[in-house]
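Visitor: Please find one structure pasted underneath; my questions will follow.
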């Protein structure tokens, strides 16, 4: 089974987090820079949000991405290599699969990345205090702070502030990595 679409639980999660925040559809849409109709459609289980749209909504709601993506889990969880909620960028050939998340009181999310050469995945700053850790498992990539990324090869590790603009650019086909987003 290819990466599973998280659309079935993003809608209810968005609504839950918006209601928990006490904000209206209009206010969350304004803060995230998305159309109110788009947010309404997403809360109703429609649409196909990009990574960028979901990050903007997370920032607006002050929640971790995993709070929108992670379905309820059993005590023992196994995620096979081709399973898990998958997010696709609309700006580059970049796929992020949520592998493990923490409950709201915890401080990190874990993603498996599959990235192909092409336009770099440029990320806007996340919430203050976020640090991203990347271990490249295959291929080559430029990763890190925008304007000063570091070239990584298989087995290389980098940590950089996620609360500033940052980039991931695959230099070879089949580039794979693990990303840990740490919320301080």
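Count begins at 1; order follows the chain as displayed.
Glycine is no exception: its Cβ is also placed from the backbone N, Cα and C atoms.
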Visitor: Need the matching range: TrEMBL marks region 'Disordered' on one of 1-21, 22-42, and I'd like to know which.
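Guide: Region 'Disordered', as annotated by TrEMBL, spans 1-21.
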Visitor: In this predicted model, what is the average pLDDT of the domain 'HTH cro/C1-type' (14-68)?
Guide: 90
